[in-house]
Amino acid sequence: MSAKKPMALVILDGYGHRETQADNAITNANTPVLDGLMANQPNTLISASGMDVGLPDGQMGNSEVGHTNIGAGRVVYQDLTRITKAISDGEFQQNETLVNAIDKAVKAGKAVHIMGLMSPGGVHSHEDHIYAAVEMAAARGAEKIYLHCFLDGRDTPPRSAENSLKNFQELFAKLGKGRIASLVGRYYAMDRDNNWERVQKAYDLMTEAKAEFTFATAVEGLEAAYAREENDEFVQATEIKAEGEESAAIVDGDAVIFMNYRADRARQITRTFVPSFDGFTRNVFPAIDFVMLTQYAADIPLLCAFAPASLENTYGEWLSKEGKTQLRISETEKYAHVTFFFNGGIEDEFEGEERQLVASPKVATYDLQPEMSAPELTEKLVAAIKSGKYDAIVCNFPNCDMVGHTGVYDAAVKAVESLDECIGKVVEAIKEVDGQLLITADHGNAEMMIDPETGGVHTAHTNLPVPLIYVGSKAVEFKEGGKLSDLAPTMLALTDTAIPAEMSGEVLFK
């Protein structure tokens, strides 16, 4: 069998690009190898943060998200950004599960109930999503739109719900239909420790309008709770109903949409709407269409608007299906990233996949040994390149990230310099076997060691772009505007391997 010419991906963890030289451990390090590559090899900058990696706009990237996106060959959206994006591009408003539930209730002259954590917190839900659901129900002809508000005060300040409630009151006034039907603190509605007596108060409130208190408006109900010394999280079951208004309890034929996207605190209240539930005795059990925004648990037999995104045909799985061999190699600190996260959350190796782990040094903090285990890792990586055994190799050098996190500038510079030496050996090996190499990063860190705003030590990741360098015999010219999820399709194209349909990332050369 002839020796394989590997396609290698080397991820320099935490190696971001920043124009400013001040406090930049990367540009201030002595790096003849990387400087030479940047001067003489095809290279570009790619995005590793925010919506480009499925995070909220402007949010810095991290290693888990970065490696997941690289391996998937598509942007992997977190639930918050997935729903936000679906709303902005109209996919939410056309979602078949939501459309069917709303339309069925409208046709029967029934109500559409929307429940969820009314908060801009963004941890379990986002009120912008709930706003969109109300507008969607109204646009599809629902006359009775009832909003059941779970109040936050944990992921938001303890008494901050008034603004949210006013916004929804204004929305209903503008629509000329619908109203806030109930208030209850998340302590009751979103318990996750089997305190069913709490959950029952929220269930009875929504299904029977059974409440400790009734007020004409939501803001009045909230003010009364504050007067009772109850912060948002602990607001007792409160019915909102002005004189002459009909009850907004959930009844047969209604549609109920639960707008929380995070599962752990949504499961219990959702299970109370399942026929087989026995956590407490329900006085009423309405026959309804109940829609979970995301799948709270695989064993909850209710409708789900946004099923879990499948990460089928990641780079590793696809290479395996194509009968190719691959190696994943890193030291302890980033081993999980080049294996579990790179494989889309799959623990086991694919057929043809091998793994090598180099132990990270046993030091209190990595500024004490900025080169970490890079020399040994490089030795093993070079041997793997020359072995002729592997079609593809993925390697992570953790130094810039792990030493960057210590905040010790001089150590970060040393980390970069030790990497430069290592990269020189890797490039030499690749050229020797006529292989191909992409050098990049999963996010930035070491390029900003002092916070420009506070003047204090900067130990966090950045939201800056990362370099992408090609070494190999192909005449490659990069396109601008790439992101981490473009790397897998690019590597497949470089090796003349078919690209699976699931990979929506782009090939990064012209």
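Placement of Cβ uses the backbone N, Cα and C atoms for every residue, glycine included.
Taken from Swiss-Prot, the feature Mn(2+) 2 binding site applies to ASP13, SER63, ASP442, HIS443. Residues annotated as active site, phosphoserine intermediate in Swiss-Prot, with sequence analysis given as evidence: SER63. The substrate binding site annotation in Swiss-Prot covers HIS124, ARG154, ASP155, ARG186, ARG192, ARG262, ALA263, ASP264, ARG265, LYS334 and rests on sequence analysis. The Mn(2+) 1 binding site feature in Swiss-Prot is assigned to ASP401, HIS405, HIS461.
Distribution of Swiss-Prot features across the structure.
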residue: ASP13; record: Mn(2+) 2 binding site; Cβ contacts under 8 Å, 6 or more apart: SER63, LYS334, HIS337, ASN396, PHE397, PRO398, ASN399, CYS400, ASP401, MET402, ALA441, ASP442, HIS443, ASN445
residue: HIS124; record: substrate binding site; Cβ contacts under 8 Å, 6 or more apart: LEU117, ASP155, ARG186, MET190, ASN260, TYR261, ARG262, ARG265, ALA266
residue: ALA263; record: substrate binding site; Cβ contacts under 8 Å, 6 or more apart: THR294, GLN295, TYR296, ALA297
residue: HIS405; record: Mn(2+) 1 binding site; Cβ contacts under 8 Å, 6 or more apart: GLY14, TYR366, ASN445, THR459, ALA460
Among ARG192, ARG265, HIS443, HIS461, the most crowded of the binding-site residues [Cβ within 10 Å]: HIS443
Euclidean distance between Cα atoms of ARG192 (substrate binding site) and HIS461 (Mn(2+) 1 binding site), Å: 32
Assigned conformation of SER63 (Mn(2+) 2 binding site) - DSSP reduced to three states: helix
ASP401 (Mn(2+) 1 binding site) - helix vs strand vs coil (DSSP): helix
Cβ neighbours of ASP401 (Mn(2+) 1 binding site) where a neighbour is any other Cβ within 10 Å: 29
Cβ packing number for ASP442 (Mn(2+) 2 binding site), 10 Å threshold: 31
DSSP state at ALA263 (substrate binding site), helix/strand/coil: coil
Least buried by Cβ count (within 10 Å) of the binding-site residues SER63, ASP155: ASP155
